[in-house]
């Protein structure tokens, strides 16, 4: 059966058959992006005879272009390059002649090349209109049926467009558009609308001049027959040049089948007329442009069609497109958690395989029957053995289609996130007025970065992108910085801190404030000296000229001007300091130093006053000493007595001098705490007065009344005013007791007090406490209170409490252990807010405790919120956590986790990784707690840890215990066996076989193949099993496996580890190893390493330096093995070698081959450039530049920034540079190329600058010198201006003949009239002097 294409059949000549998609065109198909075509049309200034002068216009659809191309009959071309980029250009044709007739198209230039050509314009003989073109445009409509637009392009404006249908003499529609295109609409397509249509045009003012008919357009209504199926044989992915068969099958016989490609409807329409119910469309020697989206249908003689088949995507490629592998929720995953690897690829209908680097077999497979566009591989309960580099490949039967390089994902399995890298830009040295950007980088997505400054404990900043801008205002930017981060998948776990980075400032602590102060002082000194000189100069003129009136005016003006200039200078300097102003940091709100706890102890419980000792304990670990005050005046100081940061103050037997009110302070390095609660000793035989407190009572709610009694082992009694007997009594419960009122009502209001008494009768009572008034008031509902972090925090972290209420314009109060510590003023929250955020910048050991909040509006308060218990860990030693009977448990069984602490009377908490709130709490009198996990399931698997803390002193807690992994399974997880340093060792060396697994507290056992007994047994004290083998010999070679060896009776199955082959080298001659295409290859290319041995029937092994196990093994028939490495990546670079061993003597291998270094890079790595003896030219001395690269057999080239062409070539990398006429000075860099690859050059080295006497001398100028010089110049110029002004304003001396009021204006210089001693007054000289006295004398 042959194909009927447009132009090949007699009845379908130039016929375009299209579908009306009354169902959506995108039936199961993603949107297809069609390339936009330029628009081509005709313009003329002879509307009645357009062929007299024709101009073709070409317009790009969406972007400006610099070049346009006009094509005629696919051979002749005219290119126009306008002087500027534009959307459209014109091609002048002139009068239409036979030589101008033909088929015209146009293109425009894009960044990637020439665009797709426009639609074809056919210019026929003169006297005829151009033949219109005809096509269809489908619209999706929500209404039944389908709206269709038929477009007719007539190439000219002011035309009348006529639409004709086969079988009708008159046109069915006509249009007179303003442009060159007419749109004929057919709404609600029905079977009556199907048929063959054509379009014709004529000139509006000349209706007798018609164009040729357009190509016929056949409309077929789809959906009247059942749907077809379209399949590809052998498959949808083909290589160029291969043959493809597309089979279209329907349920009805004798129809005409049609196949179309959606990317090019006009040129890819195929017909089959068959008597069967299926058609085969055969494509021989496929080309790249044959790829696309295909569908088929069939229709009858009345153009009634079937439903469309599903769209079939055909790929024609010689290389599979790249796949993308993503890890969710993150490529950094904690031990025991789950991770999903998503493989995204553009090719549908092909299976996928997940590989791990270093393993030959795929880990998981997905065939093409159960995958979508995004495929996922699920890894559950990941362990350290799951860490590595993963990649996904296509599962293809096509060996002729190459696999390209694919992106990889490195899965990192950690107990704690790895530390980030920290760098400073542009350098770690502050420059004057410049900032430094600290950049924290990690190879995966991060939720938030945190920055800390070691020199300031409370300094902490946060960033989302890892960039922090540090300024050095007043020298505050200098110091040592470090970073950590947390990711979204584990937002409560922070990473290890980065390596510290130190920022340094200008020498001598030079800051802007220092510069401005120095400048102001210097300018004032200079101005004062200048003022003094001016005054002295004026005084000298006065005494020498004896003038008074003139110099007074000048002096006043000069002094005034000088002070004005001084004021201006001060303003300018002040303004400069203001413009460069000091950057203020945000105010850090530091929690008040927590108050210590004060209590009493005695060794006479029935008569405590016989020997009493007061104890003071601080919640802070940095307490230096304690202070005990009596009645606010007398005091006693002592240092902490133990690691628990407490001190004893022995009073001995109480006397009258001991009575009074006591409280204590803790003294830290720079602060004194608040005083403790007051302990009152009221007599020599009376117990101390207790303290009573309670939260505000709420009607209908339970109320706790706290009574603190100072001494342990006492009884407590609660009294209500008006009643003789106590309303409640409690036995010995410690130093404090809590009385409960189950439901607070009006009858419970009143004044309450409490007393303490000794344990045995006759009771010795204390004085009553101060009365506590309980009054029920109307209150707002309690607020919502939470913390944005886990309640178990480490010192130094940032903690934010959020207190919110639906009521607006409220003020908030934060409480800690019942005491108010903060309020919602402007430092804490915005006015009118319905929520307040209370921030602890850096948590300390004293910040732990029970937090709550309340809000109020004028006189109405809310109920207290639920309390949040904040525990600050890392104060006490870490506990140990054990699982009984073991860490591996069958589903449905119980397991007990025992947490063993170092102190008694603590509260214990059990934590589960990934859950911010502890699972269980226990308060015990001993030093351990047992947590029972009842009937656990697989969802309970994970890492558990525990912590203990005290509840009386700011909830100071211990370090977290080492996590223990609980496995809920019926089979032990598979351990991993590896050798260190490698499984390939030389004869006589030592090697250690390591058996590792995620289960803690379990022993390991090692097996060797063909041996009945186990080799060695490792104890159960570690999760790592080490099996050392010393002095390796031939008896040591073989295959090894290991497995768990639990020390308890367990029905859980045990599975062996991977098999490790221990190979011993040095027993056979060494082979040779070479790379067929050379030691350097570009990423994504294939590489073959050939290992040539000397003996047949051998197994060849490929090794890589740094890898503990062989990369690959082969058993060829001959003397050599070719190791093929497809799509190499950068991590494949390294040093390779190979060995071989006989099949008759396995694992007794040869010596290593010579090492072969492989480089996977587009360009060879850049070389290093150094200068000898230095980078500074000395007189008549040369400098030798030494360029060194990592590869042998290369040619070096040296480049100078002052020369366009390369300056020198060298085989050894040494270049001698002289400095004749200063031409040697400048920046140099060097590159090299391999002699085997002369066209590939390496990256240039880092530039190296040579300096010397012939070049520009680098003169350093300090900021202080610049400021001082500038001020001196300004002052000198100002003084010059003052003197010039004074000179012009100074009064001139006039002669006696001047026109005045008759008064003598002449200045008689008496010094000139007086005779010198011993001279004759009548001498000629005297006469000469006398006649010259009336000359004007300017001052």
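We number each residue from 1, going along the chain as drawn.
Glycine too: its Cβ is placed from the backbone N, Cα and C atoms.
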The residue range that TrEMBL labels transmembrane segment, out of 1244-1265, 1266-1287, 1288-1309, is 1266-1287
Which range of 499-518, 519-538, 579-598, 599-618 is transmembrane segment in TrEMBL? It is 519-538
Among 1205-1231, 1313-1339, TrEMBL lists region 'Disordered' at 1313-1339
For the domain 'Ig-like' (1069-1138), the DSSP residue counts stand at 3 helix, 33 strand, 34 coil
Grouping DSSP H, G, I as helix and E, B as strand, the residues of the domain 'Ig-like' (877-946) number 3 helix, 34 strand, 33 coil
The predicted model's mean pLDDT over the domain 'Ig-like' (877-946) is 88
